[in-house]
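I have placed the structure first, in the form of structure tokens, so that the comments after it can refer back to it.
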Amino acid sequence: MKTDIEIAQSVALKPIAEIVEQVGIGFDDIELYGKYKAKLSFDKIEAVKSQKVGKLILVTAINPTPAGEGKSTMSIGLADALNKIGKKTMIALREPSLGPVMGIKGGAAGGGYAQVLPMEDINLHFTGDMHAITTANNALSALLDNHIHQGNELDIDQRRVIWKRVVDLNDRALRQVIVGLGSPVNGIPREDGFDITVASEIMAILCLATDLSDLKKRLSNIVVAYSRNRKPIYVKDLKIEGALTLILKDTIKPNLVQTIYGTPALVHGGPFANIAHGCNSVLATSTALRLADYVVTEAGFGADLGAEKFLDIKTPNLPTSPDAIVIVATLRALKMHGGVSKEDLSQENVEAVKRGFTNLERHVNNMRQYGVPVVVAINQFTADTESEIATLKTLCSNIDVAVELASVWEDGADGGLELAQTVANVIETQSSNYKRLYNDEDTIEEKIKKIVTKIYGGNKVHFGPKAQIQLKEFSDNGWDKMPICMAKTQYSFSDNPNLLGAPTDFDITVREFVPKTGAGFIVALTGDVLTMPGLPKKPAALNMDVLEDGTAIGLF
């Protein structure tokens, strides 16, 4: 079979202006970036706010293998299949980060015959959103350091600057650096570091802002440092929120592209799901809901991370809550959770499927706690056997959850027709009674305890020495009513990536909190989660090249 990029390059794309006509978007409503990419105008976003809100489908997954379980591919294939059965559908996805694209993923725009296009553009520079976010983040760093250098009127303690620079690459050498070296004209020397762009609070802010004025307000509320008397220093204290908003004035507009089958797609924003909230922009999802009858969106990594954050952090900012949740599972991942080594995942092992099913079962039960109907989608691989598939279907039937096979990677929309029909039937016959896991008035400790005990299945929460000091500090600063964004490994319900399946006898330790007061949530750091990834021994970049005619190769 052709590679993903070969399939993508074989498709005759339609002009994006033609694609978006099917959802009522005219030529004057878009700002073109070439023939096949566009941004949606503010006027159109405002104009559709009075329109009826469609049905929202959230795609999530079980705890993944390192290769991922195909959420983006399944989301795209499901949207194409829904369109094929007569449902007016759009898709709302995150933008890929160039770091993982060049590192381990090699591309993140779906796969096989379920892709968003133009695939090369989306995976590389797209409409420049990542660069604008990087620029805004680093402009803040430059202006902050300049304030300290030019007299430090706010009495900023340079030992307590918490704002980091960013770059959209995996570069472990930049995790800890010292800036201002050389001479007094180079600024005040201090410790600093780089995060990857998608870990920037500005990315999270962009994805939660509801309009330009809300973006500016959120930017103004970013905490960047503390003064010598431990008072938080905000962007608004530096009086630079206007400049940062100016840099991002076009970035906030959602990007329009298409799938292989011509389904309109809004691809916008891309915060990490293990260290941020892991969902595409509120603006893109909200606008899609007013343009289409059905909207398919996804949340990063497993349901314990991305879906929990979608439901507890993003959903309160949307015009509606999910009408159905689709949990993507693969037999290889279930076998891994059942104790099979990575090298043996292609071998039939029905007993391992049974053992690993506990992971899927917990995710199903967790999503049901939110009052939303659940469907399981089995992302089919050629190594899957009839016995394994039959076993998984029986196990799903035993817990009364709808389940369908899907082969959208290989067969495109046709491979997702049964799944699409089942999802549509569930939405039409079962009501969603969404409720959050915790209340805003709960303390930070109470919110984390509910997440750990009700979603992860853990026993207790321990707070390290630094976290204990911060709990009082955050309460004194009035930050304790914000939602919690848990930063932990994506591979396990616990904070130990090697504890697979559905563990129960474990505790979670929160070592530190990070205030994301602009985004409007508090990050709780557990385990060894990194905000700047490193590259593997053989990065995907080694297989990438460009031919003399400009054709890209190696993007998987």
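Cβ atoms here come from the backbone N, Cα and C positions, even for glycine.
Sequence annotations record features per position, and here Swiss-Prot assigns ATP binding site to Thr65, Pro66, Ala67, Gly68, Glu69, Gly70, Lys71, Ser72 based on sequence analysis. Taking a C-beta cut-off of under 8 angstroms and a sequence separation of 6 or more, Pro66 (ATP binding site) has the following same-chain neighbours: Ile104, Tyr491. According to its DSSP assignment, Pro66 (ATP binding site) is coil.
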Exercise. When a 10 Å sphere is centred on the Cβ of Gly70 (ATP binding site), how many other Cβ atoms does it contain?
Worked result: 28
Seminar exercise, completed: Among the binding-site residues Thr65, Ser72, the one whose Cβ has the most other Cβ atoms within 10 Å is Ser72
Exercise. Looking at Cβ-Cβ distances, which residues of the chain lie under 8 angstroms from Lys71 (ATP binding site) while being 6 or more apart from it?
Worked result: Val59, Thr60, Ala61, Glu298, Gly300, Val328
